[in-house]
Amino acid sequence: MEVIKITPRGYCYGVVDAMVIARNVALDPTLPRPIYILGMIVHNKHVTDAFAEEGIITLDGENRLEILEKIDKGTVIFTAHGVSPEVKRRAREKGLVTIDATCPDVTKTHNLIKEKLADGYEIIYIGKKGHPEPEGAVGIDPTRIHLVETMEDVERLTIENDRIMVTNQTTMSQWDVADIMAKVKEKYPHVEMHKEICMATQLRQEAVAEQAKDADVTIVVGDPRSNNSNRLAQVSEEIAGTKAYRVADVTEIDINWIKDAKKVAVTAGASTPTPITKEVIDFLEQFDPNDPNTWKRERKVPLQKILPKVKAKKE
């Protein structure tokens, strides 16, 4: 069986930056304890488990404001997905030390939205309902930012404003965004369009669209809550025409998916640790459908290998 290692795949710079920021916080003895992350720093349980080993507490919940109410003291890290101005204000009110690990691409979209709101625009924001990135973006001004996920959501919009801008969550499928933007343009011909798919997401999606075409099956290594990982599986099926399965790690691979495959493509979400993906590739490369001894799927990557290395600060 041939394993097609789709390139590029895995960690993007926004994810690495966020993890390095969080690790440096853990190593800084001057910062007040406890140290919390407001939601998952990135959508990967292996990463949050590794941070737990370092004494960083990940708090999750329905929304960032709700999670914040659980914290009375210490240091709070804002995740790569960004937060609303209201969350930042509330953290200041509570006297918490805050560290912002928002991805620069998300910050860029927030700044664009703020600029357009100041010019009197209403914003249509294409994103995944219940995901923290749209929550942070829409939270800039919930009365003038309209979250849409589907064509039906667009049809339900009733905006009466000469100034309308449409933009999007950075990790959406670029094909879905293009389709929804076209629908918005049809409904509001005067709309100003700003496609904000981040370059890392775009390159990874295009790589799957092209490189998974020849495979019998695609394995996407990524957390179930990772939007960009789920979109890679979608791109494999809808654009490359190759059946795809998303797995959190090697233990979730079903032998039935691969036993008859001649070629298996492998990619990974932007928040998937490289050693976790390597373990999947190593398993597939040694897999023999006729030898049950090669079927054992066991995750052996220690948590210490999950996070990027940083230098400890000298006291």
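Cβ atoms here come from the backbone N, Cα and C positions, even for glycine.
Pulled from Swiss-Prot:
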- Cys12, Cys103, Cys198: [4Fe-4S] cluster binding site (BINDING)
- His43, His81, His131, Thr170, Ser226, Asn228, Ser271: (2E)-4-hydroxy-3-methylbut-2-enyl diphosphate binding site (BINDING)
- His43, His81, His131, Ser226, Asn228, Ser271: isopentenyl diphosphate binding site (BINDING)
- His43, His81, His131, Ser226, Asn228, Ser271: dimethylallyl diphosphate binding site (BINDING)
- Glu133: active site, proton donor (ACT_SITE)
Between the Cα atoms of Cys12 ([4Fe-4S] cluster binding site) and His43 ((2E)-4-hydroxy-3-methylbut-2-enyl diphosphate binding site), what distance do you get, rounded to the nearest Å? 13
Beyond the site residues Cys12, Cys103, Cys198: chain residues whose C-beta lies within 8 Å of the centroid, for [4Fe-4S] cluster: Tyr13, Gly14, Val15, Ala80, Pro104, Asp105, Val106, Thr170, Thr171, Met199, Ala200, Thr201, Ala270
Relative to the Cα of Cys103 ([4Fe-4S] cluster binding site), which of the binding-site residues His43, His81, His131, Ser226, Asn228, Ser271 have a Cα no more than 10 Å away? His81
The residue listed as 'active site, proton donor': nearby binding-site residues from His43, Cys198, Asn228, Ser271, Cα cut-off 10 Å: none
With a radius of 8 angstroms around the mean position of the C-beta atoms of His43, His81, His131, Thr170, Ser226, Asn228, Ser271, what other residues of the same chain does the (2E)-4-hydroxy-3-methylbut-2-enyl diphosphate site pick up? Val42, Ala80, Glu133, Thr171, Arg225, Asn227, Ser229, Gly269, Ala270
Rounded Cα distance, in Å, between Asn228 ((2E)-4-hydroxy-3-methylbut-2-enyl diphosphate binding site) and Cys198 ([4Fe-4S] cluster binding site) is 11
Please tell me which one of the binding-site residues listed here (His43, His81, His131, Thr170, Ser271) sits closest to Cys198 ([4Fe-4S] cluster binding site), measuring Cα to Cα? Thr170
